[in-house]
Amino acid sequence: MSMSNSLKKLSSCVLIDLDGTLINTDGVVGDILRKYLCKYGKQWDGRESLKIVGKTPVEAATTIVEDYELPCKVDEFNSEFYPLFSAQMDKIKSLPGANRLIRHLKCHGVPVALASNSSRANIESKISYHEGWKECFSVIVGSDEVSKGKPSPDIFLEAAKRLKKDPADCLVIEDSVPGVMAGKAAGTKVIAVPSLPKQTHLYTSADEVINSLLDIRLEKWGLPPFQDWIENTLPIDPWHIGGPVIKGFGRGSKVLGIPTANLSTKDYADELVEHPSGVYFGWAGLAKRGVFKMVMSIGWNPYFNNKEKTIEPWLLHDFTEDFYGEELRLIIVGYIRPEANFSSLESLIAKIHEDREVAEKALDLPSYAKFKGDPYLTK
């Protein structure tokens, strides 16, 4: 995405947020609120997320109680909500790139502080479900250990103090606007990884805004670079989706000259939430036709300004007929780049064909080619 020209000093340590940055807390919170609010005849539709992301638990609870006009006090809400949340804590998944990032920093001896608006006990509980994470953090700071939570700089200043580092030498990684504000107020450099879609315009004060942790380039900040990119692609933990092919927007073949095979988003809503927007690749299987190389986009397609997040796979084969209704199986094995907007249709088409070339070449490599024989593709 973007990087400001204000970068002056390199970094010697990292201060990183937890909820929404390393783990998908928002997904579990949303599920609980959706059920909880029903008993009051209210409906959680996610629009309040922007108001509570990055806030302390008390601030978030106050917002919900007031905005939904709940017939209870904030402490009563919390006494009911937190047992429900604690029972679901083991279901909070790490976000793509999180495990890779913190283990890489640990391996290279980079001091890392976990600095969150959650309480210290809450932080400890959350990371206990992620094996080996606690050992990756030199310091852990919760909002109950300082005078004020984010957007106050207190949490990051305390983290830098415990690491015995000047804040100017620290790199903050944050998903929320309050977190970015806190990092800048503390005098650190800040990378924003927005956790809410289509909200990047709110993060202009950050030194850099990236799409996901998969896109972080540590060498920009004087930190040890990742060495796991292969032929301009990043191997990822494979994930599987499938379903009958349906008709899409009708622009793949007609507008772009690129026939995509669309799947119903209702069948894999969880996968859409878990995986960041961008261009991926892998293998596609049609039981009656075989297995084919595939490149696909996940996201909002900003050029066309989609209203919903979609997955649009392009099977890299010339088919002589449509195959609507046939079962399509996908194994996604690698990542190419973040989602981007384009100034013209021609530049968009050119980039899609460039992605195709990258995917076709990469899928011949043994580390990716081995997935072609996965029985999931044709069963």
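Just so you know, glycine gets a Cβ as well, placed from its N, Cα and C.
The active site, nucleophile annotation in Swiss-Prot covers D17 (among others) and rests on similarity to another entry. Annotation for D17 (active site, nucleophile): spatial neighbours A115, S116, N117, V172, I173, E174, D175, S176, G179, criterion Cβ-Cβ under 8 Å with sequence separation of six or more.
Listed in sequence order, the residues of the same chain lying 6 or more apart from D19 (active site, proton donor) and placing their CB within less than 8 Å of its CB are T25, D26, S116, N117, S118, K126, D175. As annotated by Swiss-Prot, active site, proton donor applies to D19, with the evidence given as similarity to another entry.
Within 10 Å of the Cβ of E312 (active site, nucleophile) there are 20 other Cβ atoms, across all protein chains. According to Swiss-Prot, the feature active site, nucleophile maps to E312 (among others), an assignment based on similarity to another entry.
The DSSP secondary structure for D19 (active site, proton donor) is strand. Here Swiss-Prot flags D17, D19, T260 as Mg(2+) binding site, drawing on similarity to another entry.
As annotated by Swiss-Prot, ATP binding site applies to G248, K254, T260, N262, L315, H317, Y324. For N262 (ATP binding site), the number of other Cβ atoms no farther than 10 Å from its own Cβ, over all displayed protein chains, is 19.
Per Swiss-Prot, FMN binding site is recorded for R337, F342. F342 (FMN binding site) carries neither a helix nor a strand DSSP state and counts as coil.
Per Swiss-Prot, the feature N-acetylserine maps to S2; the stated evidence is a large-scale study or a structure entry.
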- Message: To the nearest Å, how far is the Cα of N262 (ATP binding site) from the Cα of F342 (FMN binding site)?
- Response: 22
- Message: Using DSSP and collapsing to three states, where does N262 (ATP binding site) fall: helix, strand or coil?
- Response: strand
- Task: Using a 10 Å cut-off, grab the number of neighbouring Cβ atoms around the Cβ of H317 (ATP binding site), all chains included.
- Result: 14
